[in-house]
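Structure first, then comments.
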Amino acid sequence: MVKKKCVAMLLAGGQGSRLHSLTTKIAKPAVPFGGKYRIIDFTLSNCTNSGINTVGVLTQYQPLVLNSYIGIGSAWDLDRRNGGVTVLPPYTEASGVKWYSGTANAIYQNLNYIEQYDPEYVLVLSGDHIYKMDYSEMLDYHIQNEAEATISVIEVPWDEASRFGIMNTNEDLEILEFDEKPAEPKNNLASMGIYIFNWKSLQKYLDQDNLNEESSHDFGKDIIPLFLNEGKRLMAYPFEGYWKDVGTVKSLWEANMDLLEENPGLNLFEHSWRIYSRNPNQPPQYLAASSEVTDSLINEGCVIEGKVSRSVIFQGVSIGAGASVHESVVMPDAVIGKNVTITKAIVPGDITVPDGVTITPEDGNEEIILVTKELVEKLRKDVTA
Amino acid sequence: MSRLLGVIDAATVMGGLQDLTLNRSVASIPFAGRYRFIDFVLSNMVNSGVDSVAIFPKHQYRSLMDHIGSGKNWDLDRKRDGLFFFPPNFEPNETTSIGSFSRLEQHIEFFKRSHQDYVVIASSYVIANIDFEEALAEHLIHDYDITEVQHNGKSLEIYVISKALLIELIEGRRSSQFISVSDVVKQPLHNFKIGAYDHKDYTAIIDSIPAYLNHSMDLLRHDVWSRLFTQDRPIYTKVKDEPPTKYSSTAQVSNSMIANGADIRGSVENSIVSRAAKIGKGSKVKNCVVMQKSHIGNDCSLEYVILDKDVRVLDGTSLKGTAEQPLVLRKGSVREAAMVKS
């Protein structure tokens, strides 16, 4: 194998249980986002756009869709003769099956994958976030600062800091302490779950952590403290820009709505930093004479006969005449019948909402409705009753 | 494995489409928001199970090669069979008649080496969804020598022929005086058994600018697009990584087909808008075709206009053609509002 300067390890095995029915059959990184994409597209595109072309994707929970979606990586230009994308599921050894028991353990079990490329640096990523970031700039920062590890951080509002893993740093952004969800935060720099390690040190501490039976084998909780205890130089890399964890139905909905701003924090139309994905190859969208579409993103293959406002509509969706879809996200191939009213909801793919049904939150309820087959069935009976 | 070998004759020159073919061949004229003419016949071949397709271009084929690439988007990047691109040798007075024997002769080895026994030879500009397996079945049942694919009695310049007869015609062209497959079919005096296969579904032959606009408008009819773009026989094209289309608060769209990556802030009626096109606030676009990456500024008014790729229409410009004589804005051109002297 040809030596690589930096190998990326992308953690994509998370369940995302707070996304409920959206993740019963697929892992969180495979959840559709932004009218065309899946969450993992953002991290994979960042890799390609940053010139990092060796990416191991660690899968575990419900990997079928994710595995076939990634394929040989051609959608992200990651089908390379040397390197490229490699899906790394848990595997069996003579001693038995070894499930990934934590983020650090997942990497530990694939040390031999990294070894093949004998890299100087390892970039650890998570496939759960929506953002654009040039990892090559972070790597330059890591090298310039002669750090053993660099963690990307973002400023969060002080009153929310206790929900995050907080990095306590000195004025030069050298990390002194890692506080996981502190009750009384001393800082407001939250870890984005993006790490760059010097390969040799990472290898050493992963070996050490593996022998510790008390460890939860987590990067934030277990590996970073090992570096800190030995006085290694850890740097925080300050990131400015749009970054969102879409771990809940509400935050997934919000991140979709963010795209509809006049000047969105995350611009999908930027040519120099394209977000790549598998292209569905469907005909252009058709907007009928009866349609009324404003403030929305609509993908190919859709047939729109009703009213759509402040919504994100994925490929292959049809919206019937007299229907009104407002502040909602409609995922691939869903069918919205005639005279349906939908407000503040996420409609997962392949759901058919029958004619005349109304799905809208009760007054004062801030929750976003996640439409399910059960809900649709109940509403259908109400309409016909 | 299919018994059919595909040949696309992309040498056609059409005077009536000159404004759209200054920098490209007829085969690569953009159509339906995200396709090129050739996508239809090429996808038809792939959907008919053809695994080996040879494209014979002649003029201005850079854009065609760029579009087709390795054939990956049509699943034709194969180790065995797949896509073949046969640029012509220099022959100044050669015919552009479909299935030109002298053009095919330059690559006769391709026919001799291929294992398929039948050949479908097609023009590159027919917009339809045709099953060539059915045409071959008709050809075999009636034991025709050459079967011409027609629509309502009109030739689509698509022919099914056995490979053995094709090679015989190519090699005997100097003594027979036949210049092309199309020529054989049109000549009254010969002993070949010529048959017809009628393709009944929607078919458009685009040979002029008014026909281009007219057939673009056909796409807005449900009975047309639903039969041209089906789930089980999709039309493939070179995919681009465009985001979904964005509609602003001032967008007003009615009876239009809009491709991905467009940015719509004005009013669009009875029109086709291609990938990454922009339509500014306060602008009215009616009965138009806007090709990819063309930008219409604010407060413009356009009716019966075809905007080729990369056209810029600056703020406040009004342009009007008619259904019989649509106005064509050539690729890369810039239009601005007429200066009014004060």
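Just so it is clear, glycine is given a Cβ too, placed from its N, Cα and C backbone atoms.
In the three-state DSSP scheme, A:Lys181 (alpha-D-glucose 1-phosphate binding site) is classed as coil. Counting Cβ atoms from all protein chains shown, A:Lys181 (alpha-D-glucose 1-phosphate binding site) has 12 others lying within 10 Å of its own Cβ. As annotated by TrEMBL, alpha-D-glucose 1-phosphate binding site applies to A:Tyr100, A:Gly165, A:Glu180, A:Lys181, A:Ser191.
Residues or ranges marked as domain 'Nucleotidyl transferase' in TrEMBL: A:8-261.
Taking a C-beta cut-off of under 8 angstroms and a sequence separation of 6 or more, A:Tyr100 (alpha-D-glucose 1-phosphate binding site) has the following same-chain neighbours: A:Gly13, A:Leu58, A:Gln60, A:Pro90, A:Ala106, A:Gln109. Residue annotation for alpha-D-glucose 1-phosphate gives A:Tyr100, A:Gly165, A:Glu180, A:Lys181, A:Ser191. The furthest Cα pair among them is separated by 23 Å.
Taking a C-beta cut-off of under 8 Å and a sequence gap of six or more, A:Gly165 (alpha-D-glucose 1-phosphate binding site) has these contacts in its own chain: A:Phe178, A:Asp179, A:Glu180, A:Lys181, A:Ala190, A:Ser191, A:Gly220.
Note on the binding-site residues A:Glu180, A:Ser191: the fewest other CB atoms within 10 A surround the CB of A:Glu180.
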